[in-house]
Amino acid sequence: MTKSIRNRVDLEGCEGTRCKPTSEKPNLDGDWFNFYLLIILYIIQGIPVGLSGALPIILQSKKMVTYEDQAAFSISLWPYSMKLLWAPVVDALYVKCIGRRKCWIIPLQLLMGLLVLYMASNIDDWLPESGKPNLKMLIIVVFVVNILSATQDIVVDGWALTMLDKKNVGYASTCNSVGVPFGMFIGSVCFTLLVSDQFNTTYFQATPGAGGLISMKSFLYFYGTMTLVITSIVAIFKKEKDSRLEDGYVNINVFQNYKLLWDILKLPRIRVLALALLTTRIGYTATDSVSNLKLIDAGVSKDDIMIITTALYIIKCIMPIFVSKYITGPKPMSYFLKITPFRLIWCTTYVVLIYYTPSLIRKDGLVTVPTYYYFIMGLVLITNEVLNFFMLLTLFAFFCRLSDPRFGGTYMTLFNTFFYLGFLLSNTLVLKLVAFLTFRKCSNNDQNSCTTTDLNNLCKTNGGSCVVSVDGYYIVVFISLIIGFVWYGVFKNIIKKYQSLNASHWMINIKRPVTAVESCLIPT
């Protein structure tokens, strides 16, 4: 997730003990409470992201929404790609008597907890077992929760650097990489399976129609209540270190932060790289965003998809151990570029799988999924996710190599913003295109296009049903793959050249703050 916008000033050449790096070895003795607290805060942050991914799956499985509706709901994830707009404000403004991070995290998490409780009290009306959901309220509430969660991300990333002892700061990334994915797992896989009537019936021999192991209301009430409890504990018992004790760092005000971003954007290579990042995911967006929804339309259970997703989370946890030697080298993007055409080609396996799924799992009008189908589906999904995750690791390693070490947090935030903004924008566009390019007709009247509610009702009245005559999914996948190969042809050599450039080509020239230099000259 995004690093804090707080920036380190290069103090090379300074003398005095206050400028020397610590040589102490990491040791969490006396720091375990802070370590586990950071993991809990990151878990709180990850759950809304998971919920934002689970709700579209649940909506699709209930046959309640169109792809146009799914496109509208996808907007609820946009705050995570837009937080750069307000990150400088969060980092620069604070109430000193409360604490630089506490004064933000307490109201943010209190609002988040209360909003989730409000969602819990209304979820049965907004997302009923049958009938049309109140999509407008779901989008609004989830969007606001994600704004709070995205802002909490900025705060926790910043606090992680000072909550732990200086010798243990390296563990901050561990807290992030453990807490956020675990929170996403709880919010997506656990939420979907625990509230599923089919999962409860299949694996726990419950009576059909008895509901899930827990209700959506209970899950949300528990999450909202725990968020409020943990926030209260932090507010009462956790003291924050004085920000003035953060050696080697200077505070940059709001105006300076925005000016810094503008100076970075003025670098010619940054602008070209931004265009590449905004468009790099277009080739895969159709398969990544729509394929699971199409599998559900074809009759595959959302629970089966989520069980396979569990395996994907396990793979993500152990995969960095085996690929670290590739991503830590001097040219990580070489592997990214080698895999790109293979991943684009692999997208066609989704098309084949979805096309043949109805004939493979339906027999005499009933859904009967054979065992071999689960292996095929698992192979397609897991291979795609392994390729995707490896490419992400190489891309983030590339970001680290390009970032000016004086302002690493700002650079990383900027690169991540371009990358995720490109994915989320193309995600929304793809869902809209699938809806726009899908055509239906009445099964017993070819002249009835089923384009309106009245025409749908007329078809049903005459004993027919509206069936898909042209599936926009296949058209959009084809268009996406063409764009993906064009992207590869345009940016392949540019990216190769960029990763070979000296780090000085990515740095900006700014005047050092006098206070930082002077602090190094003060005798100790």
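The backbone N, Cα and C atoms fix where each Cβ goes, glycine too.
As annotated by TrEMBL, transmembrane segment applies to 35-59, 103-123, 135-156, 177-199, 219-237, 268-285, 305-323, 335-357, 372-398, 418-439, 472-491.
Within the same chain, residues 41, 44, 48, 90, 94-95, 137, 141-142, 144-145, 148-149, 151-152, 155-156, 159, 216-221, 223-225, 227-228, 230-231, 234-235 sit at least 6 positions outside the transmembrane segment (103-123) and bring their C-beta atoms closer than 8 Å to a C-beta of that stretch. Here the transmembrane segment (135-156) does not touch the transmembrane segment (177-199). Their Cβ atoms form fewer than 3 pairs under 8 Å, with each pair 6 or more residues apart.
Under 8 Å from some Cβ of the transmembrane segment (35-59) lie the Cβ atoms of residues 1, 28, 65, 69-70, 73-74, 76-77, 80, 105, 109, 112, 127, 133, 138, 142, 145-146, 149, 152-153, 156, 159-160, 163-164, 168, 171-172, 175-176, 178-189, 191-192, 195, 223, 227, 230, 234, 238, 292-293, 296, 302, 305-306, all in the same chain and six or more residues away from its ends. Outside the transmembrane segment (177-199) by six or more residues, the chain places 1, 38-54, 57-58, 206, 208-216, 219, 301-303, 306-307, 309-310, 313, 316-317 with a CB less than 8 A from a CB of the stretch.
Note on the transmembrane segment (305-323): residues 57, 181, 185, 188-189, 192-193, 292, 295-296, 374, 377-378, 381-382, 385-386, 389-390, 393 of its chain, located 6 or more positions outside it, place their CB under 8 angstroms from a CB of the stretch.
Counting same-chain residues at least six beyond the ends of the transmembrane segment (335-357), those with a Cβ under 8 angstroms from any Cβ of the stretch are 283-284, 286-287, 291, 294-295, 298-300, 326-327, 373, 376-377, 380, 383-384, 387-388, 390-391, 394-395, 398, 473-474, 477, 480-481, 484-485, 488, 492, 495-496.
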